[in-house]
Amino acid sequence: MSETSIQPLLDILFQGKALTREQTASLFSVLIQGEMNETVMAGMLMALKIRGETIEEISGAADAMRAAAKPFPYPESSRSQGVIDIVGTGGDGFNTINISTTAAFVAAAAGAKVAKHGNRSVSSKSGSSDLLAQFGIDLTMSPELASHCLEALNLCFLFAPHYHGGVKHAVPVRQTLKTRTLFNVLGPLINPARPEFMLLGVYSAELVTPIARVLQALGTQRAMVVHGSGLDEVALHGSTQVAELKDGEIIEYQLTPADFGVPQAHISELEGGEPAHNALITQQILQGHGCDAHTHAVAINAGCALYLCGLSESVKMGTALALSTIKTGKAYELLHKLATVSSQSQE
């Protein structure tokens with residue numbers, strides 16, 4: 001479609017009406033092909049934001065992004081077990097340690113297949129990719145090498161800009177608007193590995209159930225969409241609102257640290273810093289030398305991932321498995337193995 005042919009779709013939007021999934025996919029296909037005027041793009045994104053994006057519209061935008069992504073060669077040996085992503089939208093306004101990224105190493109060391117889709121920082125000083133770079137992990141490794149890492153090590157990291165080149169066309173508009181748009185929730189939905197399982201944190205409690213419905217529409221098998229007392233993670237400092245997708249149904253409930261078998265901590269205990277500082281904290285956690293608050297925050301998130309993958313019968317049992325895995329040092333060994341294997345792409 002050209003910019004001229006999408007005008008009828010824009011007219012629907014500007015009248016305050018909702019688009020279908022297919023119509024939204026058409027609009028976003030034009031955008032990521034670089035064929036949409038920046039003024040038109042800004043108007044489209046703001047029209048969606050002001051009315052409030054529907055499940056169909058978010059799903060359609062994700063469809064377009066997934067279709068245009070660089071393909072990821074899913075290893076056949078992982079298909080029977082299934083793959084999980086542990087990811088957050090970012091944008092929660094807190095500068096915490098890298099909980100979900102560290103949890104990915106723990107879950108993988110405990111037996112889960114983890115394909116983590118990540119980017120540079122959104123709201124904190126250190127996003128998942130910022131952290132990984134500190135350990136010498138090559139973010140631009142080929143899809144084939146990433147697939148090998150997933151098969152051999154149970155873990156790979158997929159750097160979003162490496163797979164979704166078309167997103168660059170929206171960057172100037174997003175920077176000019178300086179407000180959240182649909183793009184702020186799209187990142188976790190467009191993992192090129194298309195994981196069967198998702199632990200997805202969102203920056204607002206209002207997004208928990210809608211994003212669970214989007215995952216349902218996109219065909220995700222099992223998922224927990226969470227918002228933890230202000231964080232886009234499972235919370236150690238308070239309650240966590242959950243929408244769990246299981247057997248095609250969505251169940252809503254709350255979890256507290258007690259449900260995981262760990263004590264509550266204050267949010268200030270989870271404060272992070274620059275990538276180098278956060279890397280040191282991650283290293284300490286994975287070596288089994290982290291402080292209790294840091295270790296528990298990572299374990300409860302890894303525990304939920306292990307529960308979703310079917311490696312534990314409950315989030316409490318998953319947390320116990322995560323804690324015991326940390327003590328073995330296997331997660332720290334995995335960190336070094338991934339750095340070594342990823343460096344092959346630089347040779």
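Each Cβ is built from the backbone N, Cα and C atoms, and glycine gets one as well.
Residues annotated as 5-phospho-alpha-D-ribose 1-diphosphate binding site in Swiss-Prot: Gly88, 91-92, Thr96, 98-101, 116-124, Ser128. There are 29 other CB atoms within 10 A of the CB of Gly88 (5-phospho-alpha-D-ribose 1-diphosphate binding site), with all protein chains counted.
Asn119 (anthranilate 1 binding site) falls within neither a helix nor a strand when secondary structure is assigned with DSSP, and so counts as coil. For Gly88, Asn119, the entry in Swiss-Prot reads anthranilate 1 binding site.
Cβ neighbour count for Glu233 (Mg(2+) 1 binding site): 28 (other Cβ atoms within 10 Å of its Cβ, all protein chains included). Per Swiss-Prot, the feature Mg(2+) 1 binding site maps to Ser100, Glu233; the stated evidence is sequence analysis.
The anthranilate 2 binding site annotation in Swiss-Prot covers Arg174 and is backed by sequence analysis. Around Arg174 (anthranilate 2 binding site), the C-beta neighbours below 8 angstroms that are at least 6 residues distant in the chain are Leu45, Thr181, Phe183.
The Mg(2+) 2 binding site annotation in Swiss-Prot covers Asp232, Glu233, and the record cites sequence analysis as its basis. A coil conformation is recorded for Asp232 (Mg(2+) 2 binding site) in the three-state DSSP classification, outside any helix or strand.
The separation of Asp232 (Mg(2+) 2 binding site) from His117 (5-phospho-alpha-D-ribose 1-diphosphate binding site), Cα to Cα, is 15 Å. The secondary structure of Ser100 (5-phospho-alpha-D-ribose 1-diphosphate binding site), as reduced to three states from DSSP, is helical. Gly88 (5-phospho-alpha-D-ribose 1-diphosphate binding site) and Glu233 (Mg(2+) 1 binding site) have their C-alpha atoms 7 Å apart, to the nearest angstrom. Cβ neighbour density within 10 Å is lowest for Asn119 among the binding-site residues Thr96, Ser100, Asn119. The closest partner of Glu233 (Mg(2+) 1 binding site) among the binding-site residues, by CA position, is Ser100; the full candidate set was Thr96, Ser100, Asn119.
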